[in-house]
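Peer 1: Supplied in structure tokens, the structure appears directly below.
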Amino acid sequence: MSMSFSAVDMEEESGVAAATAAEEIRRLPAEVNWEMLDKSRFFVLGAALFSGVSAALYPAIVVKTHLQVAPPPQGATATAASILRRDGLRGFYRGFGASLAGTVPARALYMAALEATKSSVGSAAVRLGASETAASAAASAAGGVSAAIAAQVVWTPVDVISQRLMVQTSSSCRYRGGVDAFKKILLADGVRGLYRGFGLSIITYAPSNAVWWASYAMAQRFIWRLVGVERSENYPSLMAVQGASAALAGSVSALVTMPLDTVKTRLQVMETEAAAAARPTLKSTLRGLLKEGGWAACYRGLGPRWGSMSLSAATMVTTYEFLKRLSAKKGSFD
């Protein structure tokens, strides 16, 4: 008799827990999905907003790239001071024009793939019986993977060109700009030269994006549970929670993917004027790094990259969520 009562009690408790979880999810801020967006406004506003964010964060990327490529170990502060002394403030924006020209179409591809995949996978997961939490995490992870793969088609050549421009100095100026770098790389190595590190970029960013978006979705729910879902109606609180969730996801992603990013950057920046047999490979690049400073060499530039990715994640996501609400069709929240 007591066992039957216990079973009933357990069923009632699980039912109450499920109802509470469903109520929490219902009270969370409404998600603006792909179907709710005015696409033309979304892409035009997105290009403007993300260009501004990219400009603000670009100097940290330049410092990180110098640290990853320069053989003698040097601190981030010393590297930044050296760039400032040698090239002035313009040294922190070498290659920015090429990067910005590619960032706009890359961001458009990224956002389109992300939102379209999240919307379709989320709906399919719910239809298959998954809980709202599980469906959201699965949709975010799938969206992150598809977005990373789509964007790398544009981002890899942009990275190769902009990073070559970043590390050159006034005294050793090989390229006169993005177009000149594009022509010379194409002439020396063909299309393959522009896509050097493409496979490694996919290996780095596809799982990283999956983890990032899934952890971002879960971090938001966790933080809302701590601060109280009722505060989600307050817009400053909403932005603060989204920013904190993004920064947490970004910092973890930076730490996990740092060795692959360092190897990728070396592969993309190293010149290939020598014979084809001497061209850098993944194995030779990794061996060279380990010879220079052991596994610690794979983490050169971690400080600037960690700071840049955390700040970038917080800024990008709050901008991104703000952009989606600005671009929502009239009546979407009715």
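Cβ from N, Cα, C; glycine included.
Curation plays no part in TrEMBL annotations; they are all automatic predictions.
Pasting the relevant annotations from TrEMBL:
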REPEAT    39-120  repeat 'Solcar'
TRANSMEM  42-63  transmembrane segment
REPEAT    135-222  repeat 'Solcar'
REPEAT    237-326  repeat 'Solcar'
Peer 1: Please work out the helix, strand and coil residue numbers for the repeat 'Solcar' (135-222) from the DSSP assignment.
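Peer 2: Split by secondary structure, the repeat 'Solcar' (135-222) comes out as 75 helix, 0 strand, 13 coil.
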Peer 1: DSSP says what for the repeat 'Solcar' (39-120): how many helix, strand, coil residues?
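Peer 2: Helix, strand and coil residues of the repeat 'Solcar' (39-120) number 73 helix, 0 strand, 9 coil.
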Peer 1: Provide the three-state DSSP residue tally for the repeat 'Solcar' (237-326): helix first, then strand, then coil.
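Peer 2: DSSP composition of the repeat 'Solcar' (237-326): 79 helix, 0 strand, 11 coil.
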